[in-house]
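Taken verbatim from TrEMBL:
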type	residues	note
DOMAIN	39-308	domain 'Tr-type G'
BINDING	48-55, 116-120, 170-173	GTP binding site
Amino acid sequence: MFFFFILSTVFKPLFFCDNRFNYLIFAEIFYMDFGTEIERRRTFGIISHPDAGKTTLTEKLLLFGGAIQEAGAVKNNKIKKSATSDFMEIERQRGISVATSVLAFIYKDKKINILDTPGHKDFAEDTFRTLTAVDSVIVVIDVAKGVEEQTEKLVQVCRMRNIPMIVFINKLDREGKDAFDLLDEVEQKLGLSVTPLSFPIGMGYDFKGIYNIFEKNINLFSGNSKQNIEETIAFDDLESSELENIIGESAASELRDNLELVSGVYPTFNQEAYLKGEQQPVFFGSALNNFGVRELLDCFIQIAPSPRAKMAEERLVEASENDFSGFVFKIHANMDPKHRDRLAFIKVVSGTFERNKPYLHVRHDKKLKFSSPNAFFAEKKEIVDVSYPGDIVGLHDTGNFKIGDTLTSGEKLNYRGIPSFSPEHFRYINNADPMKAKQLNKGIDQLMDEGVAQLFTLELNGRKVIGTVGALQYEVIQYRLEHEYGAKCTYENFPVYKACWVDPEDESNEEFKEFKRIKQKFLAKDKRGQLVFLADSPFSLQMTQQKYPSVQLRFTSEKESN
Ligand code: G4P
């Protein structure tokens, strides 16, 4: 091991300069100690309301990791397109990132896996599911807009799962809200308990830089949006008159006051609380200017968790267990239009996933072998022999997998915690070409397995209803059914306010029996066969809840997650 360490250290610069992918592969081969491999992994997601700067921040992080070389590429939109997957034609047509992709790189010996999530709100369900595979998240907030709707929803999901969160307040080069007001807003609207680890010196036109509370230094900002010159000055004695010389008199006194207020109002950073999801550190910066990003990344690799234990229905599974287990959190269809296969994204939870080794597909109770599992480096994917907890493996799939499926070395484990949320839109789906009924059913089935939308089958007449988070999904489904399955469909409005999962389904309960009889018209089964009540208005939902108090109506398909 020591020999390998020396070898990799000596050759690192060489590999690093020549070809970063070579280096990555080299590092992968030689750092073989299982415990070290787990410890050095950081698998996380970046979440935000669209336009807050998620793509820009992702790009800057990739730049730090040397995974891409092009600076300023977001400006001309080049990286923006490739930093997010655009495998599906419809995605290219619309310029919206429908997919969730994996971007991996190495930074200071840590293997960073960023699970990218679609920003478009119509694909929020995809993002929710990705959150089941991350060990922590970074929440990006626009300094001028503050907490926005999509951020609220996503953070709520993270809170439900106690996912450690770091908040990055972005666009400090622009005029925005007062830092304290913003921290208040984050606490109030997102229900977080924040502690700033950096604090801005000025803002917008007067933005001078940041005081890094975590590292105790001043990070001076000068430059413009094209070229940022960043100077870091170690500074732990804020009372020193040097501060005036560095940032000027009024900024110095304002900073002192602000930091006094910070230490008076906010708790000191506590890593344990952060890891439990009870405290959220906050950083300020400007992703576009690459300002405050290094600080964020450096702190992130120090405090963010390596792969966490995960709860299966049967037991808690530790990442350090020898036997492999993992679960499917995303299925990506037809990445290559010439080959009609799908790619199932598996998060490795425990043990190592090895190429050509048979693994148990628990739901099918069947052993499967994979000859070409993919790993992801930056924007590339390549065949990998061994993957460790925290890693994402892409498996070619001909229809074996559903979202939520578990693969193991042999143990019958079922990972839970990929809940469905109530869709926002509901429409009947009709077959528009009677000769293609089989194709239509197969298409609907497979698209639902991928989690593109939710299918509800009405109890009364067996009609199929498609529920989606955004109206755009209906066009995606129609397009894909036609181009991938040769089937045609039409939609018909079905006014539903919310889908609620019914619990418990207890036939011995008279109230439940009456509920079923009276509400028959509004009852359906979801894809897993669970009973769902489709309330047509907030009023009817409220009345139903009052009338049948022993029948619980839940807004997610699972009682509890994680
Ligand atoms: P998203 O993925 O969260 O949707 O946001 P994205 O990174 O695409 O950023 C949205 C817009 O905000 C982009 O401008 C981007 O350049 C800008 N932006 C990101 N970070 C900062 C920052 O720190 N300061 C300032 N001033 N702007 C920032 P755009 O004009 O919509 O797109 P583009 O033409 O620049 O790509």
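Placed from the backbone N, Cα and C atoms, the Cβ positions cover glycine too.
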Filtered binding-site residues, from S48, D51, K54, L172, whose Cβ is under 6 Å from an atom of ligand 1: S48, D51, K54
Residue with minimal Cβ packing [other Cβ atoms within 10 Å] among the binding-site residues S48, T117: S48
S48 (GTP binding site) in three-state DSSP notation: strand
Lowest local Cβ density (other Cβ within 10 Å) among binding-site residues: D51, K54: D51
Secondary-structure category, per DSSP, in which T117 (GTP binding site) falls: coil
